[in-house]
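**Q** In case it's useful when we look at the structure, here is the feature table from Swiss-Prot:
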type     : residues    : note
SIGNAL   : 1-20        : signal peptide
DISULFID : CYS39-CYS53 : disulfide bond
DISULFID : CYS46-CYS58 : disulfide bond
DISULFID : CYS52-CYS68 : disulfide bond
MOD_RES  : PHE72       : phenylalanine amide
Amino acid sequence: MKFAIVITLLLVAFSAVALADKSIERAVMDLITARDDDCGKLFADCTSDSDCCENWVCSKTGFVKNICKYNFG
């Protein structure tokens, strides 16, 4: 029984370290990647994709046009 508890605790600790590593990596990449403060986020007016933030696109079709939306693809 003690062996199973020790293995479970080791598994939990390893998982926590792995998740923290990914979180730290994303935080570092945010610092490295230069972001334009003037870029458009959700519902910001746009005329082209360059008006929107990174990974966001200018909606050209649908009910609402010429707004920035996140690119899921």
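Backbone N, Cα and C define each Cβ position, glycine as well.
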**Q** Just to verify: the residue among CYS39, CYS58 with the fewest other Cβ atoms within 10 Å, which of the disulfide-bonded residues is it?
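**A** Looking at the disulfide-bonded residues CYS39, CYS58, the Cβ with the fewest others within 10 Å is that of CYS39.
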**Q** Using a 10 Å cut-off on CB atoms, tell me which of the disulfide-bonded residues CYS46, CYS52, CYS53, CYS68 is the least crowded.
**A** CYS53
**Q** Any idea what the Cα distance is from CYS53 (disulfide bond) over to CYS68 (disulfide bond), rounded to a whole Å?
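**A** Per the Cα atoms, CYS53 (disulfide bond) and CYS68 (disulfide bond) stand 8 Å apart.
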**Q** Could you tally the C-beta atoms, other than its own, that fall within 10 angstroms of the C-beta of the residue listed as 'phenylalanine amide'?
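**A** Result for the residue listed as 'phenylalanine amide': 6 other Cβ atoms within 10 Å.
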**Q** Listed recorded positions are CYS46, CYS58, PHE72; which of them have CA atoms within 10 A of the CA of CYS52 (disulfide bond)?
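**A** Neighbours among recorded positions, in sequence order: CYS46, CYS58.
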**Q** In whole Å, how far does the CA atom of CYS46 (disulfide bond) lie from that of CYS68 (disulfide bond)?
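**A** Cα-Cα distance, CYS46 (disulfide bond) to CYS68 (disulfide bond): 6 Å.
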**Q** Could you measure between the residue listed as 'phenylalanine amide' and CYS39 (disulfide bond) for me? Cα positions, answer in whole angstrom.
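**A** Cα-Cα distance, the residue listed as 'phenylalanine amide' to CYS39 (disulfide bond): 18 Å.
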**Q** Using Cα coordinates, what distance in whole Å links CYS39 (disulfide bond) and CYS68 (disulfide bond)?
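**A** Given the Cα positions, CYS39 (disulfide bond) is 10 Å from CYS68 (disulfide bond).
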**Q** Tell me the Cα distance separating CYS68 (disulfide bond) from CYS58 (disulfide bond), rounded to the nearest angstrom.
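**A** Here the two Cα atoms are 5 Å apart.
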